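Working notes, structure below.
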């Protein structure tokens, strides 16, 4: 090969020398112009020069119109939307049971660990019993109040029909029902006694009113009889007085005749005797009238006394009836007031006990540590029952399973001004080199409003990137799901610029700095 190159070069040199009349060595000592004229450059050298020039011109034009993406690179990791949840003990206590083991999959709401709740359950049962007692007391007081106020004649039939008493122990309910029935019977008996006493007094009042009316009627009858007797006696007296007047005239005429001797002394005496007899009869009639008047007055006085006594008795009976009714009303009002007070106190106590039960239920719920969401239990801090845990102690972690992943990146302070939500992102996974397995696409979702100072990176702003797919396809065609915690580098596209600026930008930047420096 070298022999062929040497022979070719010698042949070319011989041809050139023959054409110009100068040997190669002679041509080298010619003036520059003559040397170029006698020995011009080879054509392929000029072609190479033109080609390079055209290439540079094409590259300059292409660099003006060729656009390259402007990206901000930022490191980050894949994080589930639902973060890994540390499970903490809300209260201090002794572990009673552990229902989970490391690596076990759990569902939302599954009981993971139980703390000893024996004392809490006992206290809760005590408060529940007190609450049931307050409920029964309230219901009994309400039934008594309805009975005393006349709202319900048979409140016992509706005693256990309320929803509040639905879950109460049947023995307590039966005992309270018996006690309430006894109290209602006592109320009925007291009302019956009061009604019986009132009936007795009302009967006595009716009897006294009848007796008083009878005395009134009797006095009226006596008045009528007395008037008839008085009229008869008065008529008799009037007749006798008339006869006495006539006899007096006869006696006067007889006296005159006797004085004149016309009649005998015996005839004159007869006339005098007749006058005396009539006068005596008038006196007797007047005496009978006086006696009758005295008798009538005595009867009327006795009847008036009886009527007055009956009136006094009526006043006493009515006063006794009023007093009895007032006393019974006062007893009923006092019993109703006591029932109302018992109901009010029972309801107030019931409200307090219900709040206590709510507190105890919440406290009891803290003894059962459950999974807030589905996942896998990891890093179990306790392994056996009987261990004592403290409040806020982390007992295990729940790692989400099949959770939606997103990229969480840290944006440098100097890049923050170029970024905004909605920009396209290309993601390179550290575990899967992008030159072999490609890139993931996503969009910038949001950027934190407050910066975080980190020792290695300085001031950075956390940001979140939504990934279009939750797996990556390897070059062998296999699809691998993404896993939480994978490291990545996110290239956030902020815009485009011509290719030539990549070469001119450093020069312009350094020239600006050079011009500004002293």
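Using the three backbone atoms N, Cα and C, a Cβ is placed for every residue, glycine included.
According to TrEMBL, the coiled coil annotation covers 191-250, 289-327. Per TrEMBL, domain 'AprE-like beta-barrel' is recorded for 406-495. Summarising the annotation, TrEMBL assigns region 'Disordered' to 1-21. Annotation source TrEMBL lists transmembrane segment at 47-65.
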Request  = Report, as numbers and ranges, which residues of the same chain sit near the coiled coil (289-327): CB under 8 Å and 6 or more residues beyond its ends.
outcome  = 194, 197-198, 201-202, 204-205, 208-209, 211-212, 215-216, 218-219, 222-223, 226, 229-230, 233-234, 237
Ask   = What average pLDDT is reported by the model for the coiled coil (289-327)?
value = 79
Key: Helix, strand and coil totals (DSSP H, G, I; E, B; other) for the domain 'AprE-like beta-barrel' (406-495)   = 10 helix, 49 strand, 31 coil
